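Handing you this structure, nothing more for now.
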């Protein structure tokens, strides 16, 4: 899960809401999760950015994963994040930004990543509620935070 753009907005018969997980890499995959209800996660690689918008329609949440151990991708990740946040179809989507691969010795700290991305400026200007979490897909660091975010985001408003 750590290096793919994920877009979880594929409705299924049991879905009443969907979630989009966007990460920067190559690939596409569908994964079903059962968190209060069944959600389908569509993974889309960063090089597939030009077609991401075709999946925004049914999306209520976005998980945007960034490789914290790859400083050469910071600028393109930031551009893709800003593009996603400015998409009209995602104006009310909750957004979780995941800084992944924090288990690697060469990863950039949360402070460095927030500074390079100007996260505070992005959060203050975005229409969407944005949460930031450090993760390691390899050792599970941050996974409880991600699951809690999914649970609270997918709660029915009724």
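Placed from the backbone N, Cα and C atoms, the Cβ positions cover glycine too.
Annotations in TrEMBL come from automatic prediction, not curation.
Below, the features straight out of TrEMBL:
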- 46, 100, 101, 102, 103: GTP binding site (BINDING)
Using a 10 Å cut-off, grab the number of neighbouring Cβ atoms around the Cβ of residue 100 (GTP binding site), all chains included.
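Here the count is 26.
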Just to be sure I understand the packing, how many Cβ atoms besides its own are within 10 Å of the Cβ of residue 101 (GTP binding site)?
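Here the count is 22.
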